[in-house]
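Trainee: Below is a structure I'd like to ask you about.
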Amino acid sequence: PLAPGEVIPAPSGAFERDPQESSTTDEELGRAGGRGGSTATPDYGEQRLPQALIVGVKKGGTRALLEAIRAHPDVRAVGTEPHFFDRNYEKGLEWYRNVMPKTLEGQITMEKTPSYFVTNEAPRRIHSMAKDTKLIVVVRNPVTRAISDYTQTLSKKPDIPTFEVLAFKNRTLGLIDASWSAIRIGIYALHLENWLQYFPLSQILFVSGERLITDPAGEMAKVQDFLGLKRIVTEKHFYFNKTKGFPCLKKPEDSSAPRCLGKSKGRTHPKIDPDVIHRLRKFYKPFNVMFYQMTGQDFQWEQEESDK
């Protein structure tokens, strides 16, 4: 197993999904209204560089968070993932600004690209755009996150090896393959170290992907406070969808059906060998503990496991 702080090699292997690859499908982007959010982009106002970014993590709940915060009248957000700080940086800030929706004075411009969190250059690049940028990271139990990541790849490439095969360098010795992006992304402490070289903790909000499902209004209250917004998105905006197993958004004043996330969200996970799950929990535990110490927040992922 890796010692904390040990450098992890970049992912390799042909069956692997590129960790930078966007998880958003074209169909979802179309539904999300493309640029400018769920309502039509106004012709007034001006395009500004974002003051706040949802930088991670993939399969943590970033789409749910983005959709919820877009319900706030003082937030304008891009529906697509611009991937500026990882894939499109050479296009320049002007290109980036032109991707943004128009805002009025006092409105916040936002975007989300979950792969920023694991991109080495992203913190430095964001810092050089604006050192007071507010950053939001949605984190989730790294074991379930890895399985969710694998499930997504499996839906696109049904012939990839099983999760158990990909998770181990050596199954007999129980050596976890930390170079596989599905596992590597969940070593949050490692990636956070990179961000803390450029940003103080006070500029980073960590949102619990689990609580975003069990108490969406509570997590959204923290997000709105962090962004300096009035708490407008409240429990009235959420409705729990029993089939999907997570909350859907609705406009309180509107009697129309609540908007749920697309069919690519909330997929049924494949059955994973309990021994593999146990080994993964053991692998992540020291990194989780480091992450709790670094952030000053206990996400109770270990406790959650012992309850099951």
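Glycine is no exception: its Cβ is also placed from the backbone N, Cα and C atoms.
Caution: TrEMBL annotation is automatic and unverified by curators.
Quantities reported herein were computed from a predicted structural model and do not represent experimental measurements.
Relevant sequence annotations retrieved from TrEMBL are reproduced here:
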REGION    1-47  region 'Disordered'
BINDING   K59, G60, G61, T62, R63, R140, S148, K265, G266, R267, T268, H269  3'-phosphoadenylyl sulfate binding site
ACT_SITE  K59  active site, for sulfotransferase activity
DISULFID  C248-C260  disulfide bond
Trainee: I need the most crowded of these binding-site residues: G61, G266. Count other C-beta atoms within 10 angstroms of each C-beta and give me the top one.
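Mentor: Of the binding-site residues G61, G266, the highest Cβ count within 10 Å belongs to G61.
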Trainee: List the Cα distance (Å, whole number) between C260 (disulfide bond) and G61 (3'-phosphoadenylyl sulfate binding site).
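Mentor: Counting only the Cα atoms, the answer is 13 Å.
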Trainee: Work through the binding-site residues one by one (S148, T268) and point out the residue whose CB has the fewest other CB atoms within 10 angstroms.
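Mentor: Relative to the other binding-site residues in S148, T268, T268 has the fewest Cβ atoms within 10 Å.
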Trainee: Widest Cα span across the 3'-phosphoadenylyl sulfate binders K59, G60, G61, T62, R63, R140, S148, K265, G266, R267, T268, H269, in Å?
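Mentor: This binding site's residues have a maximal Cα-Cα distance of 19 Å.
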Trainee: Cα distance, C248 (disulfide bond) to S148 (3'-phosphoadenylyl sulfate binding site), nearest Å?
Mentor: 19
